[in-house]
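J.: Under the heading active site, schiff-base intermediate with DXP, Swiss-Prot lists Lys111. Positions annotated as 1-deoxy-D-xylulose 5-phosphate binding site by Swiss-Prot: Gly172, Ala203, Gly204, Asn225, Thr226. Residues annotated as region 'Disordered' in Swiss-Prot: 268-287.
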Amino acid sequence: MSTDALSDSPLKIGSHTLTSRLLVGTGRYDTMEQMRDSLDASGTECVTVAVRRERLYERTGQNILDFIDSDRYILLPNTAGCYTAADAVRAANLGREILRTLGNPGSDWVKLEVLGDSKTLLPDPVETVAACEQLAADGFSVLCYTSDCPVTAQRLKKVGAAAVMPAGSPIGSGAGILNPANLQIILEYLKEDDEDYPVIIDAGVGTASDVSVAMELGADGVLLNTAIAHAREPVRMAHAMRMAVDAGRHAALAGRIPKRLYGTASSPQEGVISTRPYGSQADEIGS
């Protein structure tokens, strides 16, 4: 098989189809120019933007839309900073109106975040489920940030989430994938009756190997921000993340070999020049 034959199906979320499985945030960069260049290096097609009262903006007060090519990227408004379902619904509707004005196709979806704790930035499961149900009823394709709790993930899918996005670890922590077992359970449960249902790992990624691990577990994509924005060289890290998501995806599709306690020779044993005792014989010789 040639490398040209290693094709992959696109990632479908609601009405959107993406060939890149890396979704990238736009906050916390030193400069807007750095953000712009990092997005380009990442190869992403979808960028998340925080919604505020009057505009989509970054902490410097600059309008982020001046540095994002809305013809190139699908914008994904997010409700970052909301602590109640009501606030999240308001933010989502504001984002929808802004993107409709821009004519960007991202006006029909939203990344839902409803936080429950300002220190850990972990989500409030009750408010998240309530907001997801309301937004789905209002016609949004809802991508839900949640914890690694399989029960909450199931409830979000049941109330209409277009994608469930469990955290690898707390937002911005860089701690990586702390509970792979729970993520595997979430993947099993949510894909049981629909293997194409999108599960995207969101939050906690620290470096490229974390992205590969997430993809090797079977995730459909990874959403990240701080791991690029706070890297020593953000543009270089963005490029690393681009390669990592592809490497992890191909590894998942290819299938890893089983883990074994003992070694297994990769070279044929027939006709070897010398033999070496195994097991108890080796122990006797050693004594």
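Even glycines carry a Cβ here, placed using N, Cα and C.
It should be emphasised that the depicted structure is a prediction, and the values quoted were computed from it without experimental measurement.
Could you place the listed features in the three-dimensional structure?
T.: For Lys111 (active site, schiff-base intermediate with DXP), applying a Cβ distance below 8 Å and a minimum sequence separation of six or more within one chain yields Thr48, Leu76, Pro77, Asn78, Thr79, Leu143, Tyr145, Met165, Leu223. Annotation note: Lys111 (active site, schiff-base intermediate with DXP) sits in a strand segment as assigned by DSSP.
The secondary structure of Ala203 (1-deoxy-D-xylulose 5-phosphate binding site), as reduced to three states from DSSP, is coil rather than helix or strand. Of all Cβ atoms in the protein chains displayed, 28 besides its own lie within 10 Å of the Cβ of Ala203 (1-deoxy-D-xylulose 5-phosphate binding site).
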J.: Fewest other Cβ atoms within 10 Å: which of the binding-site residues Gly172, Gly204 wins that one? Let me know.
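T.: Looking at the binding-site residues Gly172, Gly204, the Cβ with the fewest others within 10 Å is that of Gly172.
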J.: Ranked by the number of other Cβ atoms within 10 Å of their own Cβ, which of the binding-site residues Asn225, Thr226 ranks first?
T.: Asn225
J.: Quick check: which same-chain residues outside Gly172, Ala203, Gly204, Asn225, Thr226 lie with their CB within 8 A of the centre of the 1-deoxy-D-xylulose 5-phosphate site CB atoms?
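T.: Neighbours within 8 Å of the Cβ centroid, excluding Gly172, Ala203, Gly204, Asn225, Thr226: Gly25, Pro170, Ile171, Ser173, Gly174, Val205, Leu224, Ala227.
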